[in-house]
Amino acid sequence: MQVPAVLGEPIRFVLNWGRRYSLWVFNFGLACCAIEFIATSMSRHDFMRLGVIPFAHGPRQADLMVVSGTVTDKMAPAIKRLYDQMPEPKYVISFGACSNCGGPYWDSYSVTKGVDQLIPVDVYVPGCPPRPEALLHGILRLQEKIAAEEAGVGGVSRPDALASPADALPPRAADSLTAPPVRPPDPS
């Protein structure tokens, strides 16, 4: 059923308003940036006033995944599996230098060079570790992106979520993923 163009814009506005002011957050904290995430959720910064509900019970109840800290190759399948368990529309914030690009460990044999190599990222928050205000700024940027989205088909609001169905794994297929073998350091 197609919605008439006259009704499309108000419906899109109401849906996006509800999505952007009721984000349930699933924090995937891997290092010191996770401490800053906890500080942001406390009363001094209180991101619940922005409509962000911290500490969802799990990925199946979350709209937003915040990946904070160093992403190792062994942790990569777990991140992918948890992302796949989130319902559409789903959003990701990469929080801190380590999750953005590997941080100070970028040259390590066991570090993934950014979480965006595993899952699509909506907002990058730089810093080592970023201040709580930086995460609040990133959340505001994400809310602006959500407000500008088109009304999705079948619950999917981001076009890139369905762009590559070959990358979508069946529910338990991510369990069979293994970490790449340990590479010895380059002698040169």
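Yeah, the Cβs are placed from backbone N, Cα and C, and that goes for glycine too.
Database features (Swiss-Prot):
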BINDING   Cys32, Cys33, Cys98, Cys128  [4Fe-4S] cluster binding site
COMPBIAS  157-177  compositional bias 'Low complexity'
REGION    153-188  region 'Disordered'
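Sequence features annotated in Swiss-Prot and their locations in the structure.
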{"residue": "Cys32", "record": "[4Fe-4S] cluster binding site", "DSSP (3 states)": "coil"}
{"residue": "Cys98", "record": "[4Fe-4S] cluster binding site", "DSSP (3 states)": "helix"}
{"residue": "Cys128", "record": "[4Fe-4S] cluster binding site", "DSSP (3 states)": "coil"}
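One way to see the shell of the [4Fe-4S] cluster site is to take the Cβ centroid of Cys32, Cys33, Cys98, Cys128; the remaining same-chain residues with a Cβ within 8 Å of it are Ala31, Glu36, Ser68, Gly69, Thr70, Gly96, Ala97, Ser99, Gly103, Gly127, Pro129, Pro130. Counting other Cβ atoms within 10 Å of each Cβ, the binding-site residues Cys32, Cys33, Cys98, Cys128 show the lowest value at Cys128.
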